[in-house]
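Lifted from Swiss-Prot, the feature list:
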BINDING   121-127, 281-289  3'-phosphoadenylyl sulfate binding site
CARBOHYD  62  N-linked glycosylation site
CARBOHYD  73  N-linked glycosylation site
CARBOHYD  95  N-linked glycosylation site
CARBOHYD  236  N-linked glycosylation site
CARBOHYD  399  N-linked glycosylation site
CARBOHYD  443  N-linked glycosylation site
TOPO_DOM  1-23  topological domain 'Cytoplasmic'
TOPO_DOM  38-458  topological domain 'Lumenal'
TRANSMEM  24-37  transmembrane segment
């Protein structure tokens with residue numbers, strides 16, 4: 001036992017000798033610590049064997065021989081003392097090692113985070129998703145649930161809507177765990193030997209277009225969603241899954257998860273450290289953007305706005321109202337801070353990102369518990385001051401400070417009124433002001449944004 005009490009002092013002397021200004025010092029400390037712990041383990045093991053062989057409670061001179069129960073209790077008590085001493089030594093080793101690492105300026109490794117960017121179409125999610133795609137230690141996936149939507153058919157509303165949400169959730173859970181093989185059941189044509197040339201928007205993920213996932217390209221193999229900056233062969237899903245596990249963090253962007261409550265099993269999964277960022281945008285701006293991007297689906301809206309003769313179909317308005325209500329209910333759930341969402345939910349307005357992209361990106365990284373690299377800041381500066389002609393409907397390059405209010409000059413006031421009537425509860429929750437006239441709608445000096453706390457973290 002004298003050896004045990006003297007050991008920490010000896011260990012501090014060893015550490016003092018090893019206190020060099022180099023990152024290798026920490027490694028040496030761990031090695032020394034492991035050696036000491038192993039020796040202590042052997043020492044405890046030998047003492048334990050002796051304790052089991054002979055009783056440790058000695059009889060007094062006027063007593064009879066100690067009973068087997070007394071002997072066993074004495075052995076157990078001594079073992080407990082040794083176990084306590086060993087635990088104290090291990091704790092001291094950990095504390096001194098962490099202290100030395102701090103003095104050397106070496107940050108402790110970040111725990112693995114799983115970031116889910118949850119949005120709806122035309123809310124700027126592709127742009128915001130790039131904040132995480134540009135981070136080298138994040139494995140980023142762009143809309144992988146697109147394949148499920150194309151393969152599994154669900155009618156809107158009722159039990160079918162719940163069924164689709166459950167399928168999306170279960171696939172999402174496996175993807176966050178780097179089980180990319182689950183997509184093979186939904187990709188068309190089906191992958192052969194885990195190879196596919198049909199993964200949706202592969203080129204929107206740096207992780208799928210860099211070595212070793214990017215394999216040599218093959219002649220006569222057409223890949224619709226090819227990598228942007230280099231030629232790669234068909235995606236090897238096995239290599240992609242391995243790359244996902246090697247990366248320190250995982251991030252995924254989707255517009256196909258509508259109800260926040262369905263994500264509770266993921267938030268409570270001990271294998272995941274989930275962070276949910278819900279991105280919202282003014283529904284009037286969303287409608288204008290969708291009428292351009294999905295022109296065929298909004299013919300009735302455009303015809304009514306231009307001619308105004310035939311009434312707008314009620315089911316179209318109900319669909320709009322349902323979308324706004326779904327977004328609002330999810331946000332209200334997140335802001336109520338149920339136990340399973342505490343510290344895991346962040347509400348962000350696209351307009352605030354557009355006005356201050358770097359500041360909002362850093363806030364999102366802080367919320368996720370990830371340290372951004374300089375490449376993220378460089379990308380944001382380079383891609384938020386893009387020239388006007390670079391703004392395609394799917395572009396992630398934007399002159400963001402000028403773009404976020406452009407919709408105000410391309411929507412007829414009567415169309416804005418329809419949106420305001422259908423989405424007023426959601427607009428008030430998110431801080432979007434209602435326009436009372438066409439003049440107010442197009443007056444740039446009048447802001448349609450409430451300036452309260454634009455970003456809310458729970």
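Residue positions begin at 1 at the first shown residue.
Heads up, the Cβ atoms here are built off N, Cα and C, so glycines get one too.
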To the nearest Å, how far is the Cα of residue 282 (3'-phosphoadenylyl sulfate binding site) from the Cα of residue 236 (N-linked glycosylation site)?
39
Quick one: pull the CA-CA distance for residue 121 (3'-phosphoadenylyl sulfate binding site) versus residue 443 (N-linked glycosylation site), whole Å only.
27
Quick one: give me the count of other CB atoms within 10 A of the CB of residue 286 (3'-phosphoadenylyl sulfate binding site).
24
Which residues of the same chain, at least 6 positions away in sequence, have a Cβ lying under 8 Å from the Cβ of residue 236 (N-linked glycosylation site)?
194, 195, 213, 215
What is the pLDDT of the topological domain 'Cytoplasmic' (1-23) when averaged and given as a whole number?
45
Whole-number Å value for how far residue 443 (N-linked glycosylation site) lies from residue 125 (3'-phosphoadenylyl sulfate binding site) (Cα to Cα):
27
Excluding near sequence neighbours, so keeping only residues 6 or more apart in the same chain, what lies with its CB under 8 A of residue 443 (N-linked glycosylation site)?
none
Among the binding-site residues listed here, 121, 123, 125, whose Cβ has the fewest other Cβ atoms inside 10 Å?
121
Can you tell which of 127, 282, 284, 288 has the most other C-beta atoms within 10 Å, given these are the binding-site residues?
282
